[in-house]
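Take a look at the following structure, please.
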Amino acid sequence: MAEAHITLSPKVTHEQQTDIDSECEITEVDDENVNENKSQEMIQDIPARDREEIENITRTFVELQENYRLIEKIGEGTFSSVYKAEDLHYGRYINDWDIQSEVLKESSFGKEKIPVNEDSRKPKYVAIKKIYATSSPARIYNELEILYLLRGSSVIAPLITALRNEDQVLVVLPYYEHTDFRQYYSTFSYRDMSIYFRCLFQAMQQTQTLGIIHRDIKPSNFLFDVRTKHGVLVDFGLAERYDGRQQSHSCRCTNSNAAELAHDFSIAQETSLGYIKNDTRPSKRANRAGTRGFRAPEVLFKCSSQSPKVDIWSAGVILLSFLTKRFPMFNSKDDVDALMEIACIFGKSEMRQCAALHGCTFETNVSTLTEKRVNFRKLILWASCGSASIYKEKLRHKPSQEERLCLDFLEKCLELDCNKRISAEEALDHDFLYLDNLAYEKKDDDTAFDNSFGETSFEKDEDLTAKHLSHILDFKEQEETDEPTSLSKRKRSIDEILPNDALQDGA
């Protein structure tokens, strides 16, 4: 099958091209030879395995050689690999997606557009995502369609173009300069976090407005540049459509009296624990997509009526990593371990209520788990302080206004009941996301702080608390795959990349 390609982005007009050529002083003397020499030099510097992959991709896609020069592999995941490439014909197209040509810089006075004085002849980069052939046509089609719908946003990586050769699909996305999460998560101030999450929730609000659940919110999928204080949401490989009006009502959580029903259900379960012998009921099925450690409770309990609130929970886990200076915060191997890690913080009582909300039962004989939840502030201080003396000293001080707003925002994001969890739109009205624009007194505010998240106290039972939290607070770094993005042009018809017959064959 021949390569499928249709260019949708407008080409530069003759007058515009004349201006571009004049401004950029473009010269095309021995261009092909220069590009070939550069390509040979770059290929020699990369690992043999990656070099072989790049050569195979280049041979498979003829048009790729004409428009891009693959440089290196920058990411690898379950369903795809990502490569950095140079866009050889950047100046020939209108690149309205290129937000890095005018960087947005955050300041205490709000957003200021800071023009970047770059050499116009400096290489422009893109990220080329190779989707593995094991992905179904329906999954690939869904990702391309969602990327196309989300075009035009400064906080979401858009689709530039896509190529297909038989069962091989390449997606071309912008490449964004960004800082590795591990380099800054332990040093960010409250105001830095405020800017980070304002940008993230702006992206989430835009996806949710279009009825899209990202399903894989995590640091490696939000490319944040510490220098410009701007971030971009990427990787919609697990994203799906959501329509609240057509939402399945098979789960108890969608009932208007869900909380009361869950309470009654949990009480009834206490007197009838056990398994039904020769149970003929069908197994519970639900979308469980996502990255371990970032999946919401309703995903772990296999709720069949999941909403965009699953993304809010994931964002809350990222915030908890910032505050505790622990990453990854959760590091479970399976769903059962994941529920136990959450129970270490929220306690058995609230976990039973949450399970009942989705028609499940939560019971455990782990003696170190407490009935009531751990106070968020105490948890954060305990995890981030280097010693017990420092912890007790900080605990004696009243929290600042910034800290109170941050804790309130955290509590609203990490709400076990998905019906009560804050939405992206509501989050954007929260004062925590605007700390850089608000004036605060340096001294601690004397207003009373609501410390009633739970009565589990580090002073009362510090040894027990440390014991049942130790397995989630003593982490080794989890290897994550960044799947960044780069810079280029040209959008294609999704139907041309994956025609209807291919979609039906893979359905």
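Cβ coordinates come from backbone N, Cα and C, glycine included.
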Given Swiss-Prot annotates Ile74, Gly75, Glu76, Gly77, Thr78, Phe79, Ser80, Ser81, Val82 as ATP-binding, which of Lys124, Lys129 belongs to that site as well?
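Candidate listed by Swiss-Prot for the same site: Lys129.
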Given 13-45, 475-507, which one carries Swiss-Prot's region 'Disordered' label?
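Feature region 'Disordered' in Swiss-Prot: residues 475-507.
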About how far apart, in whole Å, are the alpha carbons (Cα) of Asp216 (active site, proton acceptor) and Thr78 (ATP binding site)?
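Their Cα atoms are separated by 13 Å.
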Average the pLDDT scores across the domain 'Protein kinase' (68-433) and report the rounded value.
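For the domain 'Protein kinase' (68-433), the model's average pLDDT rounds to 86.
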Find, for the listed binding-site residues Ile74, Val82, the residue with the lowest Cβ contact count at a 10 Å cut-off, counting only other Cβ atoms.
Ile74
Using the alpha carbons only, what distance in Å do you get between Ser80 (ATP binding site) and Thr291 (phosphothreonine) once rounded?
15
Would you mind reading off the Cα separation of Val82 (ATP binding site) from Thr291 (phosphothreonine), to the nearest angstrom?
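Between the Cα atoms of Val82 (ATP binding site) and Thr291 (phosphothreonine), the distance comes to 18 Å.
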How many Å separate the Cα atoms of Ile74 (ATP binding site) and Thr291 (phosphothreonine)?
19
For Thr291 (phosphothreonine), just give me the three-state DSSP call.
coil
